[in-house]
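Here is what Swiss-Prot records for this protein:
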TOPO_DOM  1-6  topological domain 'Intravirion'
TRANSMEM  7-29  transmembrane segment
REGION    11-33  region 'Involved in apical transport and lipid raft association'
REGION    36-88  region 'Hypervariable stalk region'
CARBOHYD  ASN57  N-linked glycosylation site
CARBOHYD  ASN66  N-linked glycosylation site
CARBOHYD  ASN72  N-linked glycosylation site
REGION    91-469  region 'Head of neuraminidase'
CARBOHYD  ASN146  N-linked glycosylation site
BINDING   ASP294, GLY298, ASP324  Ca(2+) binding site
CARBOHYD  ASN308  N-linked glycosylation site
ACT_SITE  TYR405  active site, nucleophile
Amino acid sequence: MNPNQKIITIGVVNTTLSTIALLIGVGNLVFNTVIHEKIGNHQTVIHPTITTPAVPNCSDTIITYNNTVINNITTTIITEAERLFKPPLPLCPFRGFFPFHKDNAIRLGENKDVIVTREPYVSCDNDNCWSFALAQGALLGTKHSNGTIKDRTPYRSLIRFPIGTAPVLGNYKEICIAWSSSSCFDGKEWMHVCMTGNDNDASAQIIYAGRMTDSIKSWRKDILRTQESECQCIGGTCVVAVTDGPAANSADHRVYWIREGRIVKYENVPKTKIQHLEECSCYVDIDVYCICRDNWKGSNRPWMRINNETILETGYVCSKFHSDTPRPADPSTVSCDSPSNINGGPGVKGFGFKAGNDVWLGRTVSTSGRSGFEIIKVTDGWINSPNHAKSVTQTLVSNNDWSGYSGSFIVKTKGCFQPCFYVELIRGRPNKNDDVSWTSNSIVTFCGLDNEPGSGNWPDGSNIGFMPK
């Protein structure tokens with residue numbers, strides 16, 4: 001082979017090898033691209049980087065490997081459903097009341113484990129209903145329970161425990177120091193109003209979401225006191241009735257509007273109609289209705305209708321079937337704008353529910369003492385009418401058994417508030433037949449349904465002879 005042929009042969013071989021190297025590089029690139037598109041999340045992909053020499057120089061093909069990590073991170077944020085303030089709903093329809101819970105606290109106190117209480121009530125949050133009571137700082141039948149008939153001592157405190165359970169060591173929570181109280185849930189947080197101190201210089205502490213946020217100081221210097229049952233909240237504003245002044249003479253009565261634990265305003269209850277007002281039992285039926293106790297002049301009960309801004313109406317329940325204790329025999333006078341001036345004092349805490357022109361009234365069976373309990377429906381009993389008639393009577397505690405205070409509470413359901421009430425069943429002093437040194441209570445509760453109820457008797461049921469003295 002002559003020199004020219006050798007040069008031509010070397011050139012052809014060089015060109016052929018360069019072409020092959022170029023094709024290999026292109027093939028690697030295509031293969032790499034296809035594999036990369038098929039790789040899933042969170043996998044390590046190895047991409048070869050190809051360095052191809054210039055076509056005239058076919059000596060080597062250099063392949064360098066780089067590791068690339070591909071991570072797709074998804075963050076899921078779970079948030080609690082936003083709590084809303086309670087809206088102004090109507091009362092649910094109802095035709096009667098049905099037994100709900102009974103704590104049997106005195107019967108269970110035979111072994112001295114139960115806390116001495118009085119002035120119990122019930123209030124509910126979004127999830128549960130709770131029993132509240134004013135504890136005496138003593139256990140049933142212990143030496144410290146001697147003399148617990150007293151209403152106001154520095155040892156009394158507001159406690160909370162699950163509805164239907166007795167207040168025993170381990171199941172209750174102390175809310176505040178108090179010998180008078182009211183509590184309500186605004187849809188987001190609990191608010192408590194707690195009165196304590198000297199009779200002539202007491203104060204009310206307002207607790208919201210577990211923190212002390214505001215206060216009320218006694219202005220009449222005569223036993224500042226409040227409802228002894230739940231207050232009511234609409235749209236975040238809670239309404240509380242407060243009294244200061246004599247128990248059997250002209251006193252001062254105020255309504256406070258409180259938002260998130262801070263007092264927004266208060267108004268004096270006009271005395272044009274209401275002569276005396278204390279221990280109101282309030283519920284929501286679009287507006288707030290309060291049925292209260294006249295401890296001075298009336299065996300008929302004073303009432304108020306209130307919204308988020310002002311007192312809208314006041315008066316006395318018209319019904320000629322009165323519901324305070326003591327009271328005259330049925331029927332009595334119709335008095336819508338003033339107290340009856342018959343068996344006016346002292347009185348007992350009670351409740352009622354307006355139902356159109358009708359009214360449901362809870363009352364002791366006895367007209368003179370705190371024994372028995374019944375709820376009656378009085379047709380046209382909310383208005384001044386000659387047609388008042390007892391259309392329903394449910395006797396829930398027989399007249400042979402002790403009762404006491406009673407009050408309303410409401411339970412939020414779909415689109416309305418269910419009307420409910422509790423009855424305090426007092427045992428011990430001052431009952432002469434209860435030969436013990438203490439005064440305490442159990443509680444029974446009922447709720448309204450749009451059905452016909454049955455009948456029964458739900459007394460305290462404890463045998464005082466079995467109880468610690």
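From the backbone N, Cα and C atoms, a Cβ is placed for every residue, glycine too.
Features as recorded by Swiss-Prot, highlighted on the structure.
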residue: ASN146; record: N-linked glycosylation site; CB count, 10 Å: 14
residue: ASP294; record: Ca(2+) binding site; CB count, 10 Å: 23
residue: GLY298; record: Ca(2+) binding site; CB count, 10 Å: 29
residue: ASN308; record: N-linked glycosylation site; CB count, 10 Å: 17
residue: ASP324; record: Ca(2+) binding site; CB count, 10 Å: 29
residue: TYR405; record: active site, nucleophile; CB count, 10 Å: 25
ASP294 (Ca(2+) binding site) and TYR405 (active site, nucleophile), compared by Cα position, are separated in whole Å by 14
Given the model, what does the mean pLDDT over the region 'Involved in apical transport and lipid raft association' (11-33) come out as?
64
Residues sitting within 8 A of the centre of the ASP294, GLY298, ASP324 CB atoms (Ca(2+) site), not counting those, run HIS276, ARG293, ASN295, TRP296, LYS297, SER299, ASN300, ARG301, PRO302, TYR316, HIS322, PRO339, SER340, GLY344, GLY347
Length of the line joining the Cα atoms of the residue listed as 'active site, nucleophile' and GLY298 (Ca(2+) binding site), in Å
17
Could you round the CA separation between ASN308 (N-linked glycosylation site) and GLY298 (Ca(2+) binding site) to a whole angstrom and send it over?
28
